[in-house]
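Copied over from TrEMBL:
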{"type": "DOMAIN", "residues": "11-137", "note": "domain 'MgtC/SapB/SrpB/YhiD N-terminal'"}
{"type": "TRANSMEM", "residues": "6-22", "note": "transmembrane segment"}
{"type": "TRANSMEM", "residues": "34-55", "note": "transmembrane segment"}
{"type": "TRANSMEM", "residues": "67-87", "note": "transmembrane segment"}
{"type": "TRANSMEM", "residues": "99-119", "note": "transmembrane segment"}
Amino acid sequence: MYNEFVIIAKLLISGMVGYLIGRERKKNDKPGGSRTFALVCLGSALTSLISLELIKIPLPQGVVINFTRMITYTIVSMGFLGSGIIVHNKGSIGGLTTAGSLFAIVPIGICIGLGYYFLGITTSVITYIVLELKNWIGEENG
């Protein structure tokens, strides 16, 4: 019972963290949004949870599997999603901050999925502050 509760807690925390960071993007009328960020963070946490479960499976002698590759490829695949958000229009480039935010949310979800709550939540708070700085100090470009 404890194991299932911990898994549910990790998934809920990662979804909420992603949702809150995505809200900032949505509030400022930027690409992406609450659901996108929540799903990316949730998927990243799920990938790390699956990796942790696969480690427990007994393998035949001589068979070696590197379970960290799932996490690695999750981060790599984020580059494809991020590149789809970046838009080049009439000499200006948009979506860089959202793409960077999505890239940051993947390791946050991985941290939470692996049980590094403090690291994941602290990084989430710092990410949110960095995104909000433009509103707080009135920065024009950023």
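Keep in mind that glycine also has a Cβ here, set from the backbone N, Cα and C atoms.
If one looks beyond the transmembrane segment (34-55) by at least 6 residues along the same chain, the residues whose Cβ comes under 8 Å of a Cβ in the stretch are 7, 10-11, 13-23, 25-26, 65, 67-68, 70-71, 74, 78, 81, 101-102, 105-110, 112-114. Mean model confidence of the domain 'MgtC/SapB/SrpB/YhiD N-terminal' (11-137) amounts to 88 (pLDDT, 0 to 100 scale).
Per-class residue totals from DSSP over the domain 'MgtC/SapB/SrpB/YhiD N-terminal' (11-137), listed helix then strand then coil: 97 helix, 6 strand, 24 coil.
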